Amino acid sequence: MSRISRQAYADMFGPTVGDRVRLADTALWVEVEKDFTVYGEEVKFGGGKVIRDGMGQGQMLAAEAMDLVLTNALIIDHWGIVKADIGVKHGRIAAIGKAGNPDVQPGVSVPVGPGTEVIAAEGKIVTAGGIDSHIHFICPQQVEEALTSGVTTFIGGGTGPATGTNATTCTPGPWYLARMLQAADSLPINIGLLGKGNASRPEALREQITAGAVGLKLHEDWGSTPAAIDCCLGVAEEMDIQVAIHTDTLNESGCIEDTLSAIGDRTIHTFHTEGAGGGHAPDIIRAAGQANVLPSSTNPTLPYTVNTVDEHLDMLMVCHHLDPSIAEDVAFAESRIRRETIAAEDILHDMGAFAMTSSDSQAMGRVGEVVLRTWQVAHQMKLRRGPLAPDGSYSDNFRVKRYIAKYTINPALTHGIAHEVGSVEVGKLADLVLWAPAFFAVKPALVLKGGMIATAPMGDINGSIPTPQPVHYRPMFGALGAARHTTRMTFLPQAAMDRGLAEELNLQSLIGVAHGCRRVRKADMVHNTLQPLIEVDAQTYQVRADGELLVCEPARELPLAQRYFLF
């Protein structure tokens, strides 16, 4: 039997079982757990390569073959870190296994035919498109920025740069919901809208859900009172939608105990649960220990650095329409920014107590940095806390699975859309992101939406090949024309579907129905199920989890930073 060295094999077909790959310039390493390909029967496209007629490509018709095959990909997902070929059919993931020609090759589960396109993923990492569950729809240009960072789904609210939207993630009322759904129809990203949840009577909330709100948002700037919380959650239980909350920083209508009492045992998604983005001062972070609370972070506090506190004060004044000449407004801002709780947030993420990350786009958060900052936290916590059990010193597979779940499967589960997006699994939309390992979490090599390339780095258009400088991200065919409609999805609640809303608004995109939100608990958050007893000292702001003091020094230097953004 002919043999080649492990290095030569990795260079040709990508890493295999036992090989390790470093994630960009972080301290994180992954080890390949399983290889679905067959040694000696690997497929590869190119001159003199395998995927040729009668060799790795068979004679089957389009009905039997894949539309697209990603060859020899290193998949990193919550369920595993594996080497496989990925087959895409009709815009969805159809198979994960061994690609090739079943007429002449053994073990083929991803058939390649004359109607099959190929993306060479040898030496590349493939992840699910990210889900940003805290979007202020302030401007449509956020979509391009997010796509080029590896995010393919938005959950949030807004109507443009209105004062209300600059502060709160709400699309209020049926008229605005209709207009925003129509606007979203032409954006090459999956979208679900949140209506305004601040009401003490249910009728105005029900009409927003039947008008297309896939969830409701309670925000302190609209009054997150116990009455509004109770009413909103009551409607959510009735109509199977998720509720997100930004609680009362000033503790005017009650403290965290009152909010938790109003919530009861009902499921709720708490935004920026640390509190710098808003919420009961100084102890909203305690909510992360509740069995029915699905806690997320927004990215400006991730990770804790020497610049975090100073940056936040100015951001907060702008976003929440505060006046620096009014002493009470300044005190409000300062009450939200606490070094101790920000430092504890990173540790709670590493422990699996915080389940999700998100952006808070243009409203104290950066829409293009969800993926990047999540991995900066993972890196920083490895340096501070060492390997995360059951990982040893050889790889960080469990820590990597924990962190990737925070912006993929967990927000999908939280908002009832995990049957459509959130992981690299058969049957789901082929929203896939390819990364060169050296650029992981920073600059994708390709971003696929519904099986079609939506954005990619592209060189000089007049070049003789695609790679001459200047190279920058550009929209691709999957983001243009009617192709957008068949590769993107608008999420609606069942109540809107029963009404025939998609037909009423003449929506052309794929429609996904969000459901099952009310059954999701903290125990369902993949790799992030910890429910510690969290305590905050009201005088010093020190945070303890199950009695352990959570402290760490701010980072002075980070990976995935300046060296990647010189050009």
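Placement of Cβ uses the backbone N, Cα and C atoms for every residue, glycine included.
What you see is a predicted model, and the numbers here were worked out from it, not measured in a lab.
According to Swiss-Prot, the active site, proton donor annotation covers HIS320, on the basis of sequence analysis. Annotated Ni(2+) 1 binding site per Swiss-Prot: HIS134, HIS136, LYS217, ASP360, in sequence order, evidence recorded as sequence analysis. Sequence annotations record features per position, and here Swiss-Prot assigns Ni(2+) 2 binding site to LYS217, HIS246, HIS272. Here Swiss-Prot flags HIS219 as substrate binding site. The feature domain 'Urease' is assigned by Swiss-Prot to 129-567. Per Swiss-Prot, N6-carboxylysine is recorded for LYS217, and the stated evidence type is sequence analysis.
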Cβ atoms near HIS219 (substrate binding site) (within 10 Å, other residues, all chains): 25
Predicted model, mean pLDDT over the domain 'Urease' (129-567): 95
Surrounding CB atoms that lie within 10 Å of the CB of HIS246 (Ni(2+) 2 binding site), all protein chains: 24
HIS272 (Ni(2+) 2 binding site) versus binding-site residues HIS134, HIS136, HIS219 - nearest by Cα: HIS134
For HIS136 (Ni(2+) 1 binding site), the number of other Cβ atoms found within 10 Å of its own Cβ: 27
Ni(2+) 1 site, defined by HIS134, HIS136, LYS217, ASP360: further same-chain residues with Cβ within 8 Å of the Cβ centre: ILE135, GLY156, GLY157, THR168, THR169, ALA244, HIS246, PHE271, THR298, SER358, SER359, SER361, ALA363, GLY365
Fewest Cβ neighbours within 10 Å, where candidates are the binding-site residues HIS134, LYS217, HIS272: HIS272
Output field, Ni(2+) 2 shell: CB within 8 Å of site CB centroid, site LYS217, HIS246, HIS272 dropped: HIS134, THR168, THR169, LEU218, HIS219, ALA244, ILE245, THR247, THR270, PHE271, GLY277, GLY278, GLY279
Entries of HIS134, HIS136, HIS246, ASP360 which, being binding-site residues, have CA atoms within 10 angstroms of HIS219 (substrate binding site): HIS246
Rounded distance in angstrom between the Cα atoms of HIS136 (Ni(2+) 1 binding site) and HIS246 (Ni(2+) 2 binding site): 13
Same-chain residues at least 6 apart in sequence whose Cβ lies under 8 Å from ASP360 (Ni(2+) 1 binding site): HIS134, HIS136, PHE271, HIS272, GLY277, THR298, ASN299, PRO300
Coarse DSSP state, helix versus strand versus coil, of HIS272 (Ni(2+) 2 binding site): coil
C-alpha spacing of LYS217 (Ni(2+) 1 binding site) relative to HIS246 (Ni(2+) 2 binding site), in angstrom: 8
Coarse DSSP state, helix versus strand versus coil, of HIS134 (Ni(2+) 1 binding site): strand
DSSP three-state assignment for ASP360 (Ni(2+) 1 binding site): coil
